[in-house]
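*Asks:* One structure, pasted below without further comment.
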Amino acid sequence: MASRLILKNLSKRHLFCSSFASRSASTLVLAEHEGGSIKAPSLSAVVAANSISQDNSVSILLAGSGSSLQQAAQMAATCHPSVSQVLVADSDKFAYPLAEPWAKLVQLVQQKGGYSHVVATSGSFGKNILPRAAALLDVSPVTDVVEINGPQQFVRPIYAGNALCTVRYTGASPCMLTVRSTSFPVPPISVDSKSDGAPISQVDLSTLDEDSIGRSRYIKLSSEDTDRPDLGSARIVVTGGRALKSAENFKMIEKLAEKLGAAVGATRAAVDAGFVPNELQVGQTGKIVAPELYMAFGVSGAIQHLAGMKDSKVIVAVNKDADAPIFQVADYGLVGDLFEVIPELLEKLPEKKG
């Protein structure tokens, strides 16, 4: 079990925190949406926001344009009983989630709403926007939170996940957090748990400074066309390492994933070798996953990779090297040649039912 390192900030701003803690918490969640639905990691951010305090008021901020934004707002209004308000910024400026306009939007909404906390997930969306917004608001964000012990006390991993650090926020309001979605699972919510959805309000964008949001532009989105589940939220993940030797051989991992209805992952070494695109990278500098089943083929178990998958419920590893570090975290391990093991699995596993 990882040890905990308790850090205390005894700066002169510590006197401020007593008044900060005494007032009621109100949290703004920066939510990502696609195709009229809230993305699963953003729902985890709502769960995290709800755990900040018992009397916490949670507002969800959505930005974009068109009918899909309105559909996402309707979903957000009923996604969790703790949601008290949905704020919608409907403008072509937010057609794509660029950091500059989003950061200015967060600054604008915070200045009007005076929230005690601002929460986003630790994915590319949150990591892109939150630090810039924190700079505009002149506060220091707390990143990669895996546990919330109160309005100002949080647990986050350090040393590539080998230790957990308990930190106390003593800075000015708002306290800005990125949270790991895998640490805040979304519980099933019955239809009757909240009969009426939260009110949906439009954000007044008339005072948004347009000069500061036009310094970057959207070029294109490159993504794989596949029916496989999303890597960040899949129940089963099949990952390949550099031992696969080529992009052609990596297709064996993809075939196995298709049979299992799983997402495909890769180590940084496999990504750097050009076997697969970097959106499939699992690890400290890739995606953090915690599926029910994680299967690793030809993965040595570098500390950076383990940081991204060791919270998986069941870990299965196949590697020729009996001393590979991956076996130290695996629930089931097989010392063998993946070029023999994978074809045998493909032969014996039934086809996935459509």
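Please read every residue number as a count from 1 along the shown chain.
Even glycines carry a Cβ here, placed using N, Cα and C.
Where the annotation comes from TrEMBL, it is an automatic prediction and has not been curated.
Residues annotated as domain 'Electron transfer flavoprotein alpha/beta-subunit N-terminal' in TrEMBL: 27-212. The FAD binding site annotation in TrEMBL covers R242, 267-268, 281-285, 298-305, N319.
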*Asks:* Test of understanding: give the count of other CB atoms lying within 10 angstroms of the CB of Q281 (FAD binding site).
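*Replies:* Looking across every protein chain shown, the total is 24.
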*Asks:* Mean pLDDT for the domain 'Electron transfer flavoprotein alpha/beta-subunit N-terminal' (27-212), rounded to an integer?
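*Replies:* Taking every residue of the domain 'Electron transfer flavoprotein alpha/beta-subunit N-terminal' (27-212) together, the mean pLDDT is 90.
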*Asks:* Relative to the Cβ position of H305 (FAD binding site), how many further Cβ atoms are located within 10 Å?
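*Replies:* If we count other Cβ atoms within 10 Å of H305 (FAD binding site), we arrive at 28.
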*Asks:* Taking the Cβ of V299 (FAD binding site) as centre, how many other Cβ atoms lie within 10 Å?
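*Replies:* Taking all protein chains shown, V299 (FAD binding site) has 31 Cβ neighbours within 10 Å.
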*Asks:* Which residues of the same chain, at least 6 positions away in sequence, have a Cβ lying under 8 Å from the Cβ of R242 (FAD binding site)?
*Replies:* T267, A269, A270, A273, F275, G298
